[in-house]
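Peer 1: I have a structure here, written as structure tokens, and I will follow up with some questions on it.
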Amino acid sequence: MLIGSIRNFKHRNYSTSLSPLQSLSSHKPITNPLYNFLPQSNNPNNVVALVCSFLKENDHASLDHLKEQGLFSRFTSLELSRVLLRCQSDSSASLSFFNWLNANVSDCERSNVYDSLLSSANDCNWDPVVFDMLIKTYLRYNMVTDGFHAFKKMVKLGFVPSIVATNCLLNGLSKMDCLGKCWEVHREMLRIEIRPNACTINILAHILCKEGHMDKVNEFLERMEEEGFDLDIVTYNMLIDGYCKNRRLKDAVYLYNIMCTRGLVPDLITYTTLIYGLCYQNLDRMISAVNLVVELVRYGIMVSPDIYCYLILALCNEDRPFAAKSLLDQMSQNGYVPNAEVYNELIGYLSRGKFVEEALELKIEMVSKGLKPKMSAYGAIIGGMCELRRSMEALSLMQEMIESGLPLDIQICRSLVYGLCKEKNIFEVESLLGFYAKEFQIFDAECYNAIVRVLSEAACGKQ
């Protein structure tokens, strides 16, 4: 690329503006009024406007035509600077111009162009924004490695990139998982005294979390504070999330307390991160997460429905269905409608715990909100009813399930047969087996064995 042609240029003042250099070009801006009588495309006074227009249209053929007309033979550092400045808001035009120069100017000419550009500080108002523009253009086109090399060469020549360009480079390298190069850029920042801003700190904090180097967090925070930076809520949230994902909840809570002590008000992201972190731990920590949700609601902070659903399912998995039911009620009171998965899971856990009445109430509530129970929810309630010798009610629920369009499964069939057999209701068992065979072609050996055992026991009793 074009920047490769300036390896031999030495400049070590490390300034964000170019130091005055003796001009290597004797050309002056073309101001001869006679040129205005020439056609637009042959008028040297119009060359900058023409070049910029062709670049925006990506018209390299017209650029080649200008070169053939000899207009670039008197193209001075001033014109070059004006083209680059006009293109700085259009990264594609900037890259197109660099590439065109690289392909159409000889090495000697290219070096002279760059030397002229570098020497033009007194003649025009451009500065290393051109290099910044090159770095950001590379990054916009996902040419992260090229952007990194441009940064290195820029620093080697003694120019200091802007903090905006440096942050863009750090972010691009982080997304590409080039974490080692991120810290190399950071070392260069320290060496040439590019002062970081809040965005830089957040990117570096993200890199620490991405690497899993949570032991370095405290050192990083102390160094930033010594340099006079007040960490913002974004930084703290990122680091708390990093601790939680690395199962270091005590450190996350400690950092949360530090944040509050320093006057920062936690936001919903802070609390959400801590809640998920608590749920990764044991049951006691999960209860702490539930209590945290209660506190948030008390202080008027709206908790997202996803958090409610996550906690309800987590409590179910820990065999705490009534705690889950309480949280579901709170969720409804706050105006949220739990999703079907939450209802179905909670119905299942209540039924398996023989809390059939509560499960039935939940099913009715679910249907009233336009949600459809799954076959697993019906099966759990039917199974719970049969164990409690409420098989006739279970039969009615089976009929409701069939009418809703759900198929029967073998487990529901067995639950009903076992329940009716336990109640010695032989007539209903025989009717049910006939119904299974006729309507669903279900012929299950275990169901038939169950009624045979009941009939055998009855026969033995008569003898």
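First residue shown is number 1, and so on along the chain.
Using the three backbone atoms N, Cα and C, a Cβ is placed for every residue, glycine included.
Pulled from TrEMBL, these are the listed features:
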- 127-161: repeat 'PPR' (REPEAT)
- 162-196: repeat 'PPR' (REPEAT)
- 197-231: repeat 'PPR' (REPEAT)
- 232-266: repeat 'PPR' (REPEAT)
- 304-338: repeat 'PPR' (REPEAT)
- 339-373: repeat 'PPR' (REPEAT)
- 374-408: repeat 'PPR' (REPEAT)
Peer 1: Could you give me the DSSP helix, strand and coil counts for the repeat 'PPR' (374-408)?
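Peer 2: With helix first, then strand, then coil, the repeat 'PPR' (374-408) has 26 helix, 0 strand, 9 coil.
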Peer 1: Please give the average pLDDT for the repeat 'PPR' (127-161) in this predicted model.
Peer 2: 83
Peer 1: Who are the chain neighbours of the repeat 'PPR' (374-408) in space, where the CB to CB distance is under 8 Å and they lie at least 6 residues beyond its ends?
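Peer 2: Same-chain contacts beyond the ends: 340, 343-344, 347-348, 351-352, 354-356, 359-360, 363, 415-416, 418-420, 422-423, 425, 428, 432, 436, 440, 442.
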Peer 1: With DSSP, how much of the repeat 'PPR' (162-196) is helix, how much strand and how much coil, in residues?
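Peer 2: Across the repeat 'PPR' (162-196), the residues distribute as 26 helix, 0 strand, 9 coil.
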Peer 1: Per DSSP, how many helix, strand and coil residues does the repeat 'PPR' (197-231) have?
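Peer 2: Per-class counts: 27 helix, 0 strand, 8 coil.
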